[in-house]
Amino acid sequence: MDARERLIVGLDVPTIGEAEKLVSTLGDDILFYKIGYQLVFAGGLEFARDLAASGKKIFLDMKLLDIDNTVASGVENIAKMGMSMLTLHAYPKAMKAAVEAAAGSGLCLLGVTVLTSMDAEDLADAGYSQDPHSLVLRRAGQARAAGMGGIVCSAAEAAEVREIVGPDMAIVTPGIRPTGSDHGDQKRVMTPFDALKAGATHLVVARPIVKAPDPRDAARAVLNEMVGALWPANR
């Protein structure tokens, strides 16, 4: 995969019109888009289908979690939509049900470990006794055991996660901030170059591109950082 196949731009905008404008602005530079709750609830599912039909890859970031049958039913329908990736929370029973439901569809299921906006204090407030690092590694192992296609984690854990999940699973890392950019609400961040070096296969970048004065220039800057990490001489 080259850099364009590894960069996922988060369409974190409130309206379909804004999303369409952004996709048009980015043009052929960007092949992969993430669509989450904000856009889904503004009519984004139909938009996602249209983007997929136009040749773009779509990461549907729904973070599903429910009883097994409900998760399986949802995944079965999403698998028919032409999406490339789908997230669900990395709970063993839900993951196993989803894997069975998506079998043969080509949909890559991603287990969400710990949100990159959360730190140890946040987990403690939510009732978890484990620190983020330990919980990420535990859930990565559970995702592998369930047969998931990949996991979502911060780039800070990517190297150790790779040791746990082996060479074939995708490691998708949000919380990516280009060199010199503001961290925003993210607490566990890394640059595109360092994230790929750490073992990530795909990088999710939203605000540094979406909110940039020139989104296309910002996207190209991220791609250039990624190329630096992927170039054989730097491996």
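Backbone N, Cα and C define each Cβ position, glycine as well.
Listed in Swiss-Prot for this protein:
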type	residues	note
ACT_SITE	LYS63	active site, proton donor
BINDING	ASP12, LYS34, 61-70, THR116, ARG177, GLN186, ARG207	substrate binding site
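Counting every protein chain shown, the Cβ of ASP12 (substrate binding site) has 21 other Cβ atoms within 10 Å. Neighbour count (other Cβ atoms within 10 Å of the Cβ, all protein chains): 25 for ASP61 (substrate binding site).
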